[in-house]
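Colleague: Dropping the structure in here first, questions after.
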Amino acid sequence: MAIEIRSLAWHGKGLDLIDQTALPHEIVRLDVSDVETLIDAIQRLAVRGAPALGASGAFGVAIAMLQAEREHWDAAALDDAIRRIRDARPTAVNLAGGVDRVLPFVAQGVDAVLAEAEAVVREDVAANKAIGAHGADWILDRVERRPLRVLTHCNTGSLATAGWGTALGIIRELHARGVLETVYADETRPLLQGSRLTAWELDQEGIPHFVQPDGAAASTILRGLVDVAIIGADRIAANGDTANKIGSVGVALACRDAGIPFVVAAPQTTFDPATAHGDEIEIEERPESEVLEWGGIRVAPAASRAFNPAFDVTPARLIDAIVSEQGVIEP
Ligand SMILES: CSC[C@@H](O)[C@@H](O)C(=O)COP(=O)(O)O
């Protein structure tokens, strides 16, 4: 039975978010009704995943408008607040896309902005369900082994979207069709979206899975334990190059060497035709402490520095299929 987890919902005066940093041990809800709290939630990954960021950006404009009214901001202050929400994280194109989508409605008032933001949510859930069906069809047409063993990276489920999931939506669909043996969920260092969030979502649905260290992924694939890898995306350039959570490109290289498909699943809102190639995508660099510390305790020598890019770019030539709600592209 599919369980509906809503990562975010408008509650009348603000946004109700599941604080994803507290999962899986606690379900903590955040009530976000001012711009600083929203930007903070986005930057510390309380809300995360490209489509969920898109919806947050769209609702964020309404939050800014309501705060502007309460605190008597002038037009410049409102514009500045909206720009800061739009720029809160750089890599997922959905965040800016969600803000831009509702901007034409600002002149009509907050109810018009909210109606458009709700449309972003509805369309994302519908897109994810279509992605699940297209992706499962494509995989079952090309991969013979049954039942299937799937590897995934990061979290692309209900938490990362407005509902259902992209790569995880395909995995749910394969499970529903009774053709899924197991999922290898990369733990996804350093913030553990795989072991904390993907494993939690899989567990909620009774989908068999192993959490594995990111460093195991290439070996699991080359040992023949995986039939297909399915990941999400934060931004897909016009040529198909795909930015996703750091570690994705290593999975793609291993899949190519092993001769198994590497599949990217993302809604059209993650496609960025204005970016020609992957090397034009801005890669977010996150705080060094995320790598140098473990649970708030320093583990690396005091003098060590960290390089902490949050995303990498998989070249289109390593991608066998990009699945969106419109169907499957084979780059
Ligand atoms: C459907 S979510 C797709 C991507 O946004 C996801 O794979 C990812 O990389 C998320 O990164 P995060 O840093 O957790 O926001």
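Count begins at 1; order follows the chain as displayed.
Glycine too: its Cβ is placed from the backbone N, Cα and C atoms.
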Colleague: Among Arg86, Arg89, Arg286, which residue does TrEMBL annotate as binding substrate together with Arg48, Gly49, Ala50, Gln193, Asn244, Lys245?
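Modeller: When TrEMBL describes the substrate site, the candidate it includes is Arg89.
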Colleague: Helix, strand or coil by DSSP: which one applies to Ala50 (substrate binding site)?
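Modeller: Reduced to three states, the DSSP call for Ala50 (substrate binding site) is helix.
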Colleague: Setting Arg48, Gly49, Ala50, Arg89, Gln193, Asn244, Lys245 aside, what same-chain residues sit with their Cβ within 8 Å of the center of the Cβ atoms that define the substrate site, listed in sequence order?
Modeller: Leu53, Ala92, Cys154, Asn155, Ala160, Gly232, Asp234, Ala310, Phe311
Colleague: Arg89 (substrate binding site) to Asp234 (active site, proton donor): how many Å between their Cα atoms?
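Modeller: That comes out at 11 Å between the alpha carbons.
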